[in-house]
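As recorded in TrEMBL:
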REGION    1-20  region 'Disordered'
DOMAIN    5-91  domain 'Large ribosomal subunit protein bL25 L25'
DOMAIN    100-182  domain 'Large ribosomal subunit protein bL25 beta'
REGION    180-206  region 'Disordered'
COMPBIAS  186-195  compositional bias 'Acidic residues'
COMPBIAS  196-206  compositional bias 'Basic and acidic residues'
């Protein structure tokens, strides 16, 4: 699935030019990569947000630069969190027949059996580096943790065969684990502290 995003070439690079774009609801961006020269462009911020929602973070976008269309993916973007705005975007022009290496977000599915018993789910890898053709890149990688018990973990090797794309990781790299309940650790510490106090009191009494 792809979505059309219109853009115009950008020639002004001063702060005043960027401010002018912002007043028009636009933001500066750049496109580079397959069969295209590095080109500075301007795009509508709301249209970009809508496009990402439509195709996903790693989806194919038909970037229309004044009538010149190019298949691209959103390579990177910068945000101003205080103003809740996207301030710049990078687009990578792609060849649909060639693989890309990209980072894909990991999404945990289900509630682990260990968490139901008080264990603490700890996510180690929030993204995974994968190599795939542009149309085969997922928006996220779902990892089912519903059967994960306390002191157990899921590694890359446990899920690799579930997907058609290549994961650029070693099999033993941990994605998620369930830690022993912290309450038990505190209880043990308290027991040790109580024992120390008791010994101290016995010594003082003697």
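Backbone N, Cα and C define each Cβ position, glycine as well.
Predicted automatically and left uncurated, TrEMBL annotations should be read as such.
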Helix, strand, coil residue numbers for the domain 'Large ribosomal subunit protein bL25 beta' (100-182) per DSSP? 15 helix, 36 strand, 32 coil
Within the domain 'Large ribosomal subunit protein bL25 L25' (5-91), count helix residues (DSSP H, G, I), strand residues (E, B) and coil residues, in that order. 20 helix, 48 strand, 19 coil
